[in-house]
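Visitor: Take this structure first; my questions come after.
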Amino acid sequence: MASLGAFAKRLFGSSNDRRIKAYKARVEAINALEPDMIALSDDALRGKTAEFRARLADGAVLDELLPEAFAVVREAAKRSLGQRHYDVQLIGGMVLNDGNIAEMKTGEGKTLVSTLAAYLNALTGKGVHVVTVNDYLAKRDADWMGQIFRFLGLEVGVVLHGLDDNQRRAAYAADITYGTNNEYGFDYLRDNMKYQLASMVQRGHGFAIVDEVDSILIDEARTPLIISGPLDDKSDLYLSIDEVIPEIGEEDYELDEKQRTVNLTEEGNERVEEILRNRGIMLEGNLYDIENISIVHHVNNALRAHKLFQKDKDYIVKTGKVVIIDEFTGRMMEGRRYSDGLHQALEAKERVPIQPENQTLASITFQNYFRMYEKLSGMTGTALTEASEFGDIYGLDVLEIPTNKPIARIDEDDEVYRTTREKYEAMIGEIEECASRGQPVLVGTTSIEKSETLSELLKKKKVKHKVLNARYHEQEAHIVAQAGVPGNVTIATNMAGRGTDIQLGGNLDMRLADETAGIENEAELARKTAEVKADIEAKKQRALEAGGLYVIGTERHESRRIDNQLRGRSGRQGDPGRSKFYLSLEDDLMRIFGTDRMDGMLQKLGLQEGEAIVHPWINKALEKAQQKVEARNFDIRKNLLKFDNVMNDQRRAIFEQRIELMRAEDVSDTVDDMRRQVIDDMVAAHVPEKAYAEQWDMAGLKEEVKKNLDLDLPIETWADEEGIAEEEIRERLYSASDRHMASKAAQVGPDLMRQVEKAVLLQTLDQHWREHLMMLDHLRQAVGLRGYAQRDPLNEYKSEAFELFESLLARLRENVTRQLSVAQFITEAPRIEEQPLPEMQAHHTNPLTGEDEMADGDVATMQRPMRNDPGVAADPNDPRTWGKTPRNAPCPCGSGKKYKHCHGAL
């Protein structure tokens, strides 16, 4: 069957081929317009923007404008940047405009491709969001590609960390806005915590182009963006529990590296209970009694911190802080924190100051944020391996765009060694040989620890090299830019999201920026530019003669996509190149995913010390292992999305209601309806339908009415009246409360009353929504255990989350009614104050436990840096610079004492 399928594909072409062929017909139409565009003056070319907008206003659709609009952008790029869109780039632009994903190999000019679809869609006036993975790329692309848009009369904005509301609002008001996924998501959440429409910064979600779309929509799909605020300090408890873990043995817990879980055994539970009692942490009962449930939570986090999380792989300790390492990019994620107490457990383990836990105030996943856009598209070098996920979850098709020139890179079969030592020896020998003949080498590692191990080995061999990983990311763009220089050896943790091309001979733009900075004399500038260009061209020829860039992988990642990204760094724009992975049976993927058969086979082959096995069968076996992991991760993400959709429906309902309330000049009808519903609920609870009068709880009703409506009525005598029923009681309460509120309105005036009602309604809604989020978090963790009772956790979650939502609405009605009824008004109009925004955090959800584990503190906050912000130095002699110091942390003055026994003494 497979051979028949392959034959049919050769005969008729694949689905991808057929769709690309259809686009090629439109490319010819665009090319036919090029002479006309060349003939236009700059002003006439710029005038096309107004012409297109007028045609749209007259009823034209974007597809009708596409050929001419793309031709205009191509000509503008030639005049402003000196770059002309290739035909394949025009195809990429059409794929984006159709709301799909364009897979384009490294070096094919994805950044330039985005300008085509961005310009066309910006003509509608709804705004276009171009999404990048970091601030550096957002600013670079806004400055660089912005030249095209500004040439054509469009405004370009960029949303960066640290901007205030006014700057953000201006950026979003532009025709095209550049920014990171975090910034867009946080701005959406913050907008939904505002109290006035004029304070909001975003203006809708029309069209988004997501660069590195696989990184953002797949790798970070389980990373909710969460706005949170600090809770109470529990440093002592974290430290006390941390001291328990070293006292338990391997027999006391079960560790599953594949599933990334660790649990106490029955013997381990007994051992921990004994230690906790001896230390006075747990006074009575057993570990799983309800009064000890918080201790279980702390023990589990401490166990995970010690047994699952490795220093220099999962995190590093830097300037007294535990900093998370992104497993996909190898970058430090400064400010990000694991949630639910895990980060505090790591801080206790490493004996650094323990920061307080945080409470969720608002959250959204990238999956649900980006699905809000009317049209979504993306670009990446590697998406086909995840095509089914893009289709199932986002409704996006992935199209592979042909390369401008055929790929000349040779991807060699993996070399598999018995031990890590043998693998490194072979790798070092290969690197030495390449460096000696001038071939540039890029070595990809999966962790900081491994990159530094390799660096030490190269130092011993006196091989010059540079290291690119999370510790030195400030210099990464310049290091990558020079990775194609002949003889250069560059070691890098996973290359995802680097965003800078590796050009053979070196990066011309970066060298010119560095070496011509400050030169004002035009003749000197021209001379220096020519000198740099000649030097780079000579070095490029040497690198080409040596075989082009050689990419070496030190082990396979569990995602084929990450491996493909590393390979794709070589062979850009038809350049020659090579790639090879060096593996050992001690590698994580090989060790965890069943290499017993492979080990047995290597032994039977009688491999000698330092020998490797190279065979296509090895590559296929590893690919199958990777496919299994990818399929499992996809299932996990789909399952998590089902749970998050429940919260997303509720979030959308609350946020939409908030917007309606802010838009409304008068919310009195809403408040009146709430008050009447509260009265209905009170009467139903105390005067049951079809019950006799002597069964009515009139004393209870009187008490409730006094508490919620601030009315002292002779309710207890009503039951004695002849023929009275619950309907009449309800009507009497309606009338009495209406008169009560009317008198308040008369006292302060209708305008002030309307302001008070809106302020109370919005602030009470926010408070209850925060509490509701916390309850949903607890519910999400609790329902996971119900599978053991043969009950579907998702159905349980849906049912109970709905009940919680109904409870939220009931409490909201009751509290709004009570606050307005009992309030004593002054005659001065109250101001609806914008609340100071808490620190921003992006939590990472453990795909196996469903717990949110990562918090992104200080990401995209509008506030000035806190005094204890990583970017603000603390002066030991100036307590004003210390910020909020936990009482059990070392005192910042340097005395060596705890803060509570030094400057923090009460």
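Just so you know, glycine gets a Cβ as well, placed from its N, Cα and C.
In case it helps, Swiss-Prot gives these features for our protein:
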{"type": "BINDING", "residues": "GLN89, GLY107, GLU108, GLY109, LYS110, THR111, ASP501", "note": "ATP binding site"}
{"type": "BINDING", "residues": "CYS891, CYS893, CYS902, HIS903", "note": "Zn(2+) binding site"}
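Situate these features within the shown structure.
Guide: DSSP gives LYS110 (ATP binding site) a helix state.
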Visitor: Might you list, by sequence position, any residue in that chain lying six or more from GLU108 (ATP binding site) with a Cβ less than 8 Å away from its Cβ?
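Guide: Correct list: VAL88, GLN89, GLY92, ILE401, THR403, ASN404, ARG572, GLN573.
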Visitor: Other than GLN89, GLY107, GLU108, GLY109, LYS110, THR111, ASP501 themselves, what residues in this chain have Cβ atoms within 8 Å of the centroid of the ATP site's Cβ atoms?
Guide: MET104, THR106, LEU112, VAL113
Visitor: Within a 10 Å radius around the Cβ, which one of these binding-site residues has the most neighbouring Cβ atoms: GLN89, GLY109?
Guide: GLN89
Visitor: Show which residues of the chain containing THR111 (ATP binding site), separated from it by at least 6 in sequence, have their CB under 8 Å from its CB.
Guide: ASP141, TRP144, MET145, ASP211
Visitor: Would you count the other C-beta atoms found within 10 angstroms of the C-beta of GLY107 (ATP binding site) for me?
Guide: 21
Visitor: What is the number of other Cβ atoms found within 10 Å of the Cβ of LYS110 (ATP binding site)?
Guide: 24
Visitor: Rounded to a whole angstrom, what is the largest C-alpha distance between any two of the residues GLN89, GLY107, GLU108, GLY109, LYS110, THR111, ASP501 that the record assigns to ATP?
Guide: 17
Visitor: Can you see whether DSSP assigns GLN89 (ATP binding site) to helix, strand or coil?
Guide: helix
